[in-house]
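Notes follow once the structure below has been shown.
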Amino acid sequence: MVVPKVGINGFGRIGRIVFRNAIEHEGVDIVAVNDPFIEVHYAAYMLKYDSTHGRFNGTVEFDGNTLIVNGKKIKFYAERDPAQIPWSETGAEYVVESTGVFTKQEKASLHLKGGAKKVIISAPSSDSPMFVMGVNNDQYTKDITVLSNASCTTNCLAPLAKVINDKFGIVEGLMTTVHSYTATQKVVDGPSNKDWRGGRTAAQNIIPSSTGAAKAVGKVIPSLNGKLTGMSMRVPTSNVSVVDLTARLEKAATYDEIKQAVKEASEGPLKGVLGYTEDDVVSSDLNGDPHSSIFDAKAGIALNSNFVKLVSWYDNEWGYSRRVIDLIAYIAQVDAQ
């Protein structure tokens with residue numbers, strides 16, 4: 001098995017959780033990190049302690065411009081310009097672009113100048129191909145140099161939508177994600193010119209917001225293009241979100257038949273990506289769950305045999321970051337063939 005050497009640009013929430021997942025995963029080798037806004041000793045502290053996911057399970061130290069994690073040395077750079085990051089020094093061929101800034105092809109491809117061969121954007125991209133593991137990763141070809149792992153919400157919705165669409169057909173659907181607050185929101189009311197509601201206190205409000213996650217499913221499942229759209233409700237929880245998909249089906253189905261289809265997929269072709277539970281779970285029970293999507297069999301309802309509401313949980317940090325690593329491991333195997 002090929003173990004790709006990986007660099008991470010941007011050591012924020014996703015960058016650090018991708019790092020933690022990579023250490024657990026063992027299918028990739030993190031060799032370098034770049035972040036111009038934090039120094040190496042602070043990066044070590046932020047990796048070691050996490051309010052949501054707890055202490056790092058291992059040792060974290062630093063020496064000069066090097067992070068030392070479980071005894072392994074990882075080069076730490078502080079370049080603002082992606083083109084200036086010397087990825088080739090460490091042999092990092094696959095770069096996770098997790099700054100949230102360089103989401104377009106032109107900017108993300110600057111990493112190639114420093115020696116990277118592939119760039120994986122950990123956010124939706126308007127002009128780069130998007131891949132969702134378990135849904136359309138088989139469409140990846142070696143000639144693609146910049147790709148997107150889509151969003152955490154698309155990663156939750158797409159596997160569920162795929163199962164339902166393949167088995168029963170989706171005529172149309174509306175999605176609401178009840179989404180934990182994120183770093184872009186405010187601790188207290190503050191200015192937010194583009195999104196006035198988004199400037200209100202995150203921990204005190206339910207905040208309606210927009211999301212392109214449902215429409216993006218149409219990019220990874222072309223047969224659903226134009227059939228899905230959705231919105232978001234930002235709520236006062238720090239992590240774990242839940243998708244509510246209301247869909248009209250082509251083929252009549254009982255709710256039990258839908259449950260069975262999802263359960264079979266979760267144990268078969270989508271194992272590890274799509275989870276299934278009949279337990280009475282609440283959001284904190286899914287903290288640290290590595291699935292993209294965990295179908296809640298008890299939470300959904302059917303109005304009739306063609307109109308259903310389906311509910312699926314996701315750890316919007318941990319599950320998404322695990323898929324970033326899975327995607328890199330997958331494309332590295334394809335590239336090696």
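Glycine is no exception: its Cβ is also placed from the backbone N, Cα and C atoms.
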Return the residue out of ARG197, ARG200, ARG234 that Swiss-Prot annotates for the same D-glyceraldehyde 3-phosphate site as SER151, CYS152, THR153, THR182, THR211, GLY212. ARG234
With ARG13, ILE14, ASP35, ASN316 listed by Swiss-Prot as binding NAD(+), identify the candidate in ARG80, ARG248 belonging to that site. ARG80
Which is it, of ARG13, ARG234: the one of these binding-site residues whose Cβ has the most other Cβ atoms within 10 Å? ARG234
With an 8 Å cut-off on Cβ-Cβ distance and a minimum sequence separation of at least 6, pull the same-chain contacts of HIS179 (site 'Activates thiol group during catalysis'), or say none. THR153, SER209, THR211, SER232, MET233, ARG234, VAL235, SER241, ASN316
Between C-alpha atoms, which of these binding-site residues comes nearest to ASP35 (NAD(+) binding site): SER151, CYS152, THR182, GLY212? THR182
Can you give me the Cα-Cα distance between SER151 (D-glyceraldehyde 3-phosphate binding site) and ILE14 (NAD(+) binding site) in Å, rounded to a whole number? 11
Just checking, which of SER151, THR153, THR182, THR211, ASN316 (binding-site residues) has the fewest C-beta atoms within 10 Å of its C-beta? THR182
Who sits close to CYS152 (D-glyceraldehyde 3-phosphate binding site): which same-chain residues at least 6 apart have their Cβ under 8 Å from its Cβ? SER241, TYR314, ASN316, GLU317, GLY319, TYR320
